[in-house]
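According to TrEMBL, the features are:
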type	residues	note
ACT_SITE	D213	active site
ACT_SITE	D499	active site
BINDING	E184, D213, K386	UDP-alpha-D-glucose binding site
BINDING	K387, D411	Mn(2+) binding site
REGION	34-53	region 'Disordered'
TRANSMEM	97-116	transmembrane segment
TRANSMEM	123-143	transmembrane segment
TRANSMEM	576-596	transmembrane segment
TRANSMEM	608-631	transmembrane segment
TRANSMEM	651-673	transmembrane segment
TRANSMEM	694-717	transmembrane segment
TRANSMEM	729-750	transmembrane segment
TRANSMEM	762-782	transmembrane segment
Amino acid sequence: MAATAASTMSAAAAVTRRINAALRVDATSGDVAAGADGQNGRRSPVAKRVNDGGGGKDDVWVAVDEKDVCGARGGDGAARPPLFRTYKVKGSILHPYRFLILLRLIAIVAFFAWRVRHKNRDGAWLWTMSMVGDVWFGFSWVLNQLPKLSPIKRVPDLAALADRHSGDLPGVDVFVTTVDPVDEPILYTVNTILSILAADYPVDRYACYLSDDGGTLVHYEAMVEVAKFAELWVPFCRKHCVEPRSPENYFAMKTQAYKGGVPGELMSDHRRVRREYEEFKVRIDSLSSTIRQRSDVYNAKHAGENATWMADGTHWPGTWFEPADNHQRGKHAGIVQVLLNHPSCKPRLGLAASAENPVDFSGVDVRLPMLVYISREKRPGYNHQKKAGAMNVMLRVSALLSNAPFVINFDGDHYVNYSQAFRAPIQIKAMDIANKFGSSTSFVGTMLDGANQERSITPLAVLDESVAGDLAALTACAYEDGTSWGRDVGWVYNIATEDVVTGFRMHQQGWRSVYASVEPAAFRGTAPINLTERLYQILRWSGGSLEMFFSHSNALLAGRRLHPLQRVAYLNMSTYPIVTVFIFFYNLFPVMWLISEQYYIQRPFGEYLLYLVAVIAMIHVIGMFEVKWAGITLLDWCRNEQFYMIGSTGVYPTAVLYMALKLVTGKGIYFRLTSKQTTASSGDKFADLYTVRWVPLLIPTIVIMVVNVAAVGVAVGKAAAWGPLTEPGWLAVLGMVFNVWILVLLYPFALGVMGQWGKRPAVLFVAMAMAVAAVAAMYVAFGAPYQAELSGVAASLGKAAAASLTGPSG
């Protein structure tokens, strides 16, 4: 049982091969390799440290023998050293881990056998339901456990990478997607772009593309500001080898180990750049009001107009503040603007320090990578396919402008945490061209060149009319009509988790992926910290997983090229929400204890509870082993367990319900855009944590909490009324352990729905203690005298249900 609940998460940006017009393959999923320095022709100190210490913790990982790892062969037939060093978990940890898995498997089988021998005939319907749930629990646990039986870690070998490429790294196109500058604060987006522009990669070998699917002038002018500030920020990063290269995250760090070559100039440069960054943030925050004021002035000069105006005095072709025909959400022209053109192939050194230029960049290459703003055309009557459609448009546009053989995609709230993250080992193969990519001959002609790396990123002298016309055609809504885009070409459509399904399609075709790990983490990002927004996010993910299972991308239907463990992993990923339906009802079972003394799921109840404690405890012990090599803390693991239970009591069952409705009605599922932290530029970065946004999604978990608090109160009342040493008393206490454990797991949810009161956890404990005491007192006063009568009624209902299940005798 694991789910992600951290407010800052490692963002696994997808490194993608432009094959079949970029059907997706994950070459690395997170951390990648580093090689020779692309800017100054030297190895950076960061790269050296990673290369020297990539093996991880010596008490967990051990290197696999080199002869067991198959390396590529050079032109002379001699074996090349592998690009990755492979590590496996030490046997002293792995063998006990596997033994515990086997022991738990035996315990589960014994548990099922015991339950079958002790069938509860007084509540046969309840017993049958719980048995089905337990079987599914066991099945899903096996699915989850099988891919983890032999954990390995691969660390890029920087020396081998440098020898293999000799400084000639492949071209990379970096995609960033955003939609709404309110739900996705624009400060996150500009930091993402700045961290990409400052990446330690040959500047003439990569380009950055921003897809603004809302078509807002705010995003475009923010990119104009980014292009200006990057002229200072990027050379500063190169001069002083700063990490990370997202300015917001860099300036938030209290201490930084210096890795540059001019420490004497760091403090003065740091103060200057930070002052400029603060002014840059002010301009970014005021963009909306600036554009409105400018538009009001222009509209006053043009009577009858209510347009949104650009700085050059022309209408913005995208969406306007005041919607108008052809200038509104879902109906506007396509836009492609090159903000920073291709750099030249030769380094261009900056200027020495002067009164006008106080930062000395005389020994620094000040070239900037290509930066392009894209907003695709939107028209009524077209299904624009959300993020997947925007990604496919970027694939086509980038093919004409830069045509790199590989792409990396980011969300607007991710950033490059390690500047050498783009340096990844690459297996290159040719591709086939089919008549399914659309009518643009210019675009189709770029694909083979890109796959074979026959064309480097070179400057365009001018964006002539023919290229501009092709770009307009490639961003048009109708371009994909009658083509294979969204099915066999590009990112897959009609599913909420388009990235997972696209990766699955590539694995299904036989492509292999490698997960590489370095320190520091290559990419990071931001998750919503508001409870409601976080639940909506995992609702979209879990709903998309179920959509994948009930589609042609079902792992059970994949061909023979899919590795057996990959098949198991995809099957587990696409079915995990189903098990939570049983968890939800298990958490509601204490309702019956409120009306009956002897209404139990299984008899003998005490032995049943001991079995449950054993199998649950064993899965947590197994989790402790996984924590040891996963690189997370025990607190992280506990939070994951808590958030999994929060999701299991509301979000995941809701996703199952949505999927059932889709199967019945045939209508798709609408998942709203997750709103990130809206106070990104305010003083209180945790303000959203204490904001309550009431939605129906919160109700099921609240009901579970109320039921279990009441069950604890009844258990306390039974122990007080009957005595803790009597059978009813000690069974009530045993059952209460389950209820208390559920409440512990739901503790973060309780704090979340308390809003500002969540800052005072003592209030929650006092309120729950008072509620338990009140329920216990009511049970002692009113419940105990009537339990015998209620128990008789419940037993009769159980016998009637059993008769209906078994049918008439002989």
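Placement of Cβ uses the backbone N, Cα and C atoms for every residue, glycine included.
Of all residue pairs in E184, D213, K386, the annotated binders of UDP-alpha-D-glucose, the farthest apart have Cα atoms separated by 15 Å. Counting same-chain residues at least six beyond the ends of the transmembrane segment (762-782), those with a Cβ under 8 angstroms from any Cβ of the stretch are 709-710, 712-714, 716-718, 720-721, 743, 747, 750-751, 754. Geometry remark: K386 (UDP-alpha-D-glucose binding site) versus D411 (Mn(2+) binding site), CA distance 13 Å. Ranked by Cβ pairs under 8 Å to the transmembrane segment (694-717), the stretches 123-143, 576-596, 608-631 are led by 576-596.
Of all the recorded positions listed (E184, D213, D499), E184 sits in the most crowded Cβ setting, with the most other Cβ atoms within 10 Å.
Across the fold, the C-alpha of K387 (Mn(2+) binding site) and the C-alpha of D213 (active site) stand 8 Å from each other. The closest partner of E184 (UDP-alpha-D-glucose binding site) among the recorded positions, by CA position, is D411; the full candidate set was D213, D411, D499. Residues 126, 129-130, 132-133, 136-137, 140, 144, 542-543, 545-546, 645, 647-649, 652-653, 655-656, 700, 703-704, 707-708, 710-711, 714-715, 732, 735, 738-739, 742, 787, 790-791, 794-795 of the same chain, all 6+ positions outside the transmembrane segment (576-596), place their C-beta atoms under 8 angstroms from a C-beta of that stretch. Neighbours of D411 (Mn(2+) binding site), defined as other CB atoms within 10 A of its CB across all chains, total 21.
Around K386 (UDP-alpha-D-glucose binding site), taking its Cβ as the centre, 19 other Cβ atoms fall within 10 Å, counting all chains.
Rounded to a whole number, the C-alpha distance linking D213 (active site) with D411 (Mn(2+) binding site) is 12 angstrom.
Residue pair D411 (Mn(2+) binding site) / D499 (active site) shows a Cα separation of 12 Å.
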